Protein chains: 2
Amino acid sequence: MNINYNDNKINLSIPDGTYDILGDEMRFREYVISQIRSVYERFGFMPQSTPIIEKACVFKGHHGEGEKLIFNLIDKNNTKLVLRYDLTVPLARIINMHPDIPMPYKRYQLSTSYRDDTVDKSHLREFTQCDADIVGTSNCASDAEIILMAYNVLKAINIEEFTLMLNHRLILRGMAYEVGITTEEQFTSFQCVLDNNLQDREKMSKNLCDNLRFIGIDKQSIDKVVYIIYSFSNNFFSQSIFQILDKIKTNFGHQSLIVKGVNEVEKIISLLPDEVLGKIHFNLGLARGANYYTGVIFEAVVNNMEMGSVLGGGRYDNLIKNVGNRHYPAVGFAIGLDRVLTVLNDLHAVELNKVFPSKLLVACENQNDFQKTFHLINRIRNYIDVDYYYNEYNTDILNYIKRNHYKCMLVICKNSTFKLINYSNDKSFVDKVVDILESITPFVSIESEDRL
Amino acid sequence: MNINYNDNKINLSIPDGTYDILGDEMRFREYVISQIRSVYERFGFMPQSTPIIEKACVFKGHHGEGEKLIFNLIDKNNTKLVLRYDLTVPLARIINMHPDIPMPYKRYQLSTSYRDDTVDKSHLREFTQCDADIVGTSNCASDAEIILMAYNVLKAINIEEFTLMLNHRLILRGMAYEVGITTEEQFTSFQCVLDNNLQDREKMSKNLCDNLRFIGIDKQSIDKVVYIIYSFSNNFFSQSIFQILDKIKTNFGHQSLIVKGVNEVEKIISLLPDEVLGKIHFNLGLARGANYYTGVIFEAVVNNMEMGSVLGGGRYDNLIKNVGNRHYPAVGFAIGLDRVLTVLNDLHAVELNKVFPSKLLVACENQNDFQKTFHLINRIRNYIDVDYYYNEYNTDILNYIKRNHYKCMLVICKNSTFKLINYSNDKSFVDKVVDILESITPFVSIESEDRL
């Protein structure tokens, strides 16, 4: 991003892991956001916004190791502030601060969060998440609705080949307990290893050894963990999720955490339409990093792509109480917008003509004549979006047309006639422009030309 | 914003001068933003986004006294960062960093900026601006278009009673020169006094004395400044802007800065439609704080309201060169969204049924029956946005309906029939719901009820 100039001015750049988003790319981004938003609205969610600067105390103690990545600042009254780390803790804060909100509270929030992290393709320091959460109900219909929304969002943005990985924290805890992982510290260590090695049994086994042995878990138990995870996950075998869940209950019927977890998963998936079920893979290897999850957890990964999950979430029934003192169950998920856009770019999944709406560019051959042109454009704008090219009418305009995706240009010629130039196959758009011109400027002479 | 709990949890709050925006208020905000955006799009502007964290060096030296209000932070690589102070300097940075952008570059940006300032009703520390700028042309049609957009934005959001105050930095500099204000320091001091005392001649006179006398301007000259400002501003007398401009040229024809400024203003206003001209008041008392303005400057104030300007802008031909080394003229303006929303609330200017779209709420009397309900809702969502009320069907639901502005509720009764309850006068919406239900569930029995 650095550009070196030949003079003594500063080298302009932006912080690593942040981006400028211009024209095309921003239109594309806004189109995807509008699709996501429309799914959230379809499910009856309300928008919400919270400050990017928050008091530091609000964010302490909810993200384990992640807390080291929080950006700190101090205002001129010496108040310790942070740039928000996520949108979930602010939601918990709001629920505690506004006891008058009628429950259930279903909100979505589309915003940036900040982590002072090491930067790579899928880790930015300023990143955009599209969160949707339901607070105030433990009805499993709300878990199902969140998963259904995740499915619908991916469909709405034309991602077809994806897998919804599903697990339940109670089943995971029960399994961990079965092999001797009983403390919070051991469980966190176990979680990290699972999440980072979802697809790779060898690696998981090795990393589990490294991580669990020195906190007292023996080799035999570790092998048992790995065996269980692989046997009871239907993304590695051709078993249906119902078969897997049955098998878990048969084998671990003595473990109440596991039984409770399986029952909840069964209830949730019984509500999902077949097309959603077809995408779900039960995966005991899924753990998800955040400490606050308590129930169902899930992630979506795009098939055959080297990239982490594009969305993820789950039930977190204690976070709100931990941030304040009100006790409300909650379930939700977040879409990583930046990753989704990378995927869409790689897949060429979105038709660009949906993103770049037809607009008319107007240029004037005779710059001295622009007062009349200006008033004409003003009238055309009652019917159609119009951009006026202020500069001299020369070959530079071709670059301008290309970069801004204009489909049609109206040239006001020196002899006061009009020339319409069509740069697309969209004949109907050009016809519409002719109609508009004829209706507002009688006795106009229009010459039309295709330059596809 | 502090809520005191009876236990030992932290007192939750957000930083002064920031806000949580929930449900209703957010919908209202988004509606206003969509109106503003549609005006920008109608004029052919493209959206843009820049990071909220910027390198500190980018923001040094462009805001005079304002620089003290910049929020500073340091990342873990010890890079000095700031929260962006405005959206104009990032635009100047972008133009310098992307030499391939075809000119003119017309962009809009709707985002928050940050100032560690003293907080009151119209000064927030996190505030939203809607900027539109045209870079790369000094054609006065671009100045006219920016003013026309400002006018159109206010009309689009139903603010009818407003005044567009207009001035030109060259005229202002020429006038200042006439009374002996010749240095940059004197001019800045002069500017501050004008801007803060636009409406009040007595106060302006007194403050000018205080500010200018100790830097060597005598009482007689100060009185002359105040006299000139009041004689040559058409918001205090019933003269047209053309008469005022003529009079200025007659009186100050010897001053080339003034003549140049007047000529530019004349060219710009000759392009504006009559309804826009009717709102313009030429006001020599308008100065605008930012150091970087070089040409026409303007502000909109809402008539009969105790509040600063809701939008303002002007031409700044040197800023881009001062930030990097590329020389491009530019003109633009920014809307203070938070102030606009305050005005709209006070005026009750926006019809709420435009803001809260019709949605259907579905509730189920028998919670055990919700699997069928869930699948039904899914089918209804192909036609209409639906919110499902997960909780027990009891009197709490009335609060939920009210707060979320639902116009109609579908109750799935214990005997599996449907009851439609209408909470609005929108009979056609209820009819539409009946049609949808009949089309997707044959042999349905629907009972309809009005509770307006």
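Every residue gets a Cβ built from N, Cα and C, even glycine.
Copied from TrEMBL, the annotated features are:
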type    : residues                                                            : note
BINDING : B:D86, B:L87, B:T88, B:R115, B:Q129, B:D133, B:R288, B:Y292, B:Y293 : L-histidine binding site
DOMAIN  : B:17-357                                                            : domain 'Aminoacyl-transfer RNA synthetases class-II family profile'
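Overlay of TrEMBL feature records on the structure.
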{"residue": "B:D86", "record": "L-histidine binding site", "Cβ contacts under 8 Å, 6 or more apart": "B:H63, B:S113, B:Q129, B:A334"}
{"residue": "B:T88", "record": "L-histidine binding site", "Cβ contacts under 8 Å, 6 or more apart": "B:D131, B:D133, B:A290, B:Y292, B:Y316, B:L319, B:G332, B:A334"}
{"residue": "B:R288", "record": "L-histidine binding site", "Cβ contacts under 8 Å, 6 or more apart": "B:Q191, B:D195, B:I297, B:E299, B:G312, B:G314"}
{"residue": "B:Y293", "record": "L-histidine binding site", "Cβ contacts under 8 Å, 6 or more apart": "B:R169, B:G314, B:R315, B:Y316"}
Give the mean pLDDT for the domain 'Aminoacyl-transfer RNA synthetases class-II family profile' (B:17-357) on the 0 to 100 scale.
90
Using DSSP with the three-state reduction, classify B:T88 (L-histidine binding site) as helix, strand or coil.
helix
Largest CA-to-CA spread of L-histidine binders B:D86, B:L87, B:T88, B:R115, B:Q129, B:D133, B:R288, B:Y292, B:Y293, angstrom:
22
Can you tell me the three-state DSSP label for B:Q129 (L-histidine binding site)?
strand
Let me know the DSSP-derived helix, strand or coil state of B:R288 (L-histidine binding site), please.
coil
